[in-house]
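Colleague: Pasting in a structure now, in structure tokens, and then I'll have a few things to ask.
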């Protein structure tokens, strides 16, 4: 357009030309930001991959060697990356942290829709003559096999029936206690105790204990793959590569001493906190329960939790050989604490909702009973046993001292008798002519 024509066109053409320039500048800015964000994201991914490659080849080996030590080194490095990601999220503002999740999945960063939980808890609902058991069928969703599989794997990790049952029952009590904070904790009584504890969790624990029994009785052969003559034997050897190299039976014995008792309490507390973090993180970061990130987190904890539990047990069982706690156990503990800090920062109002007074009384009573039992078992009872043992030793020592003078008197009597006998024999000799 010529200069004279531009002047004759008036203000309308001027506004159109200015608007096109403005749109062009905004387009260039958006394109620049997209390129910068893409380069930034690509650089982060490349840095993570380089760190993973270094860790897989150079990190310390853990207690597991099957299927390959590099596999467990990889998960150790992944746990470090995940902890760094949690630290990054922790130091963001609440809005920026939630919107940052859009870089992982554009569908995230949106408030979750409210859903109804609990509701009608009738097992047999006469109001629905066509399907009176509809409440039970509604609970039969994908989370039922997830509960079973989860507790099956947890049993393989903990390797103790009592600890698994305690954690399972305690988590149901936590759901009762915190249903005023998270609505998805509000479930029917039969969903808590029949569907969860008895059916899903109980069956998973039972199958896990049966698997532990098979692993403890399975014959372990450390023959190389190329030394096996038959193809069937080679295939069987490849399948056994994904089973443990050797088997260690966990004997926690929490009542044996105070150190093991406190360690078992710490394990149970950490387990329960990690379970609660699963639900609270979904709530504060606006992730739907069926999102793949939730599943990836569970897969992550399955792989790192087994190594961490083995390191904790080795440190408890043989502290002279294992002088410090393993690296994976430390990282898992740090991850659990960092997740809890994110929950506290991102939604303190939900966390600080007051617990009902009756539930508070129940928890205080339970904690007091645990403290009383701890004091009795490891202090009062031990002091009583030590006093009885000291008293018994003193009595044995006094009885031994009483026996020593009696033995001396008898020996003196025998000596005096022999001397008198010798004296009488001498007198007889002197009387003889």
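Glycine too: its Cβ is placed from the backbone N, Cα and C atoms.
Per TrEMBL, the feature compositional bias 'Basic and acidic residues' maps to 395-406. Positions annotated as compositional bias 'Polar residues' by TrEMBL: 409-422. Summarising the annotation, TrEMBL assigns region 'Disordered' to 391-433. Residues or ranges marked as transmembrane segment by TrEMBL: 27-52, 72-91, 161-178, 190-209, 261-280, 292-309, 329-346, 358-379.
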Colleague: Sequence-remote contacts (6 or more beyond its ends) of the transmembrane segment (161-178), Cβ cut-off under 8 Å?
Modeller: 151, 154-155, 185, 187, 192-193, 196-197, 201-202, 205, 208-209, 252, 264, 267-268, 271-272, 275-276, 355, 359, 363
Colleague: Can you work out which residues elsewhere in the same chain, 6+ from the ends of the transmembrane segment (292-309), have a Cβ less than 8 Å from its Cβ atoms?
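Modeller: For the transmembrane segment (292-309), the far contacts come to 62-64, 72, 75-76, 78-79, 82, 104-105, 150, 153, 156-159, 267, 274, 278, 281-282, 326, 328-329, 331-333.
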Colleague: In the same chain, who gets a Cβ under 8 Å from the transmembrane segment (72-91) while lying at least 6 residues past its ends?
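Modeller: Those are 48, 51-52, 54-57, 59-62, 64, 97, 100, 285, 300, 303-304, 307, 327-328, 331-332, 334-335, 338-339, 341-342, 345, in sequence order.
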